Amino acid sequence: SFPVGTRIRYRCNEGFSLAEGKSPFITCQANSSWTAIETVCEAKSCGAPPDLENGYYNTTSVVFGGIVTYYCNEGYNLVGKDTQNCIAHGWDGRTPVCDPVTCDDLPPIENGKTPPQLQENWEYENAATFTCNPTYTLIGERTIYCRANGTWSDIPPKCKVVQCVRPDPPIKNGSIIAGFGPTYEYRQTIIYKCDEGFEMVGKDTIECRENSTFPPAPLCIPGECGEPPRLNDGFPDIDLTQTSFPVGTR
């Protein structure tokens, strides 16, 4: 029991504080009753979590008991714990950081130059552009990129001497209409056309390959017509077992 006039103070649990404008006290009155309880305990706020450079976060709440979870943008790795808890004195622990993904060093290429690193390491989205020494041709991708998964977008190119010569003999029943040579660099092309009355078998364009050779040239074969159209009340004067006819057939 408590004598009249006794004042009792209420305290909030850890992580909670007295609401603004509310009294933490009650008093024992002469009528043997306590004054009304005004005490309201509210969860303490930790405030917004700190910004994460090259990343972002989601929160369940920013008051006591809340949890923040951190994520990194594509091409970055999270270093540190991915969550923080809102405790009585603010967010616990250290905020993590997002470090860029790095790619392996690039090997030197023979007869060419490998670009220098832009930073201490090759990082996400860094581009490496290769060059070849004079008289050498670059085979492959000139520029490759450090990707989000820590690998390069392609293998480093090669620097080679590439020189093709015009295929001999020229195609039968056809001719070259572009790319007369007589020598060709890497990926330079020859374009062929068949003579009238002949059809092409294969591609009309061939390209100088990295081994200094061309693929086989196309062929030009005699063109053919199918069976002639039928005539009402008549018929073609042909061998009825024949199904195709050379160009120029009458």
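Glycine is no exception: its Cβ is also placed from the backbone N, Cα and C atoms.
TrEMBL: automatically predicted annotations, no manual curation.
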## Note on the structure
If you consult TrEMBL, the disulfide counterpart of Cys146 among Cys98, Cys103, Cys164, Cys194 turns out to be Cys103
### Query
What's the CA to CA span in angstrom from Cys103 (disulfide bond) over to Cys159 (disulfide bond)?
22
#### Entry: Rounded distance in angstrom between the Cα atoms of Cys159 (disulfide bond) and Cys146 (disulfide bond)
21
### Intrachain residues whose Cβ lies under 8 Å of the domain 'Sushi' (1-43), provided they are six or more past its termini
63-65, 87-88
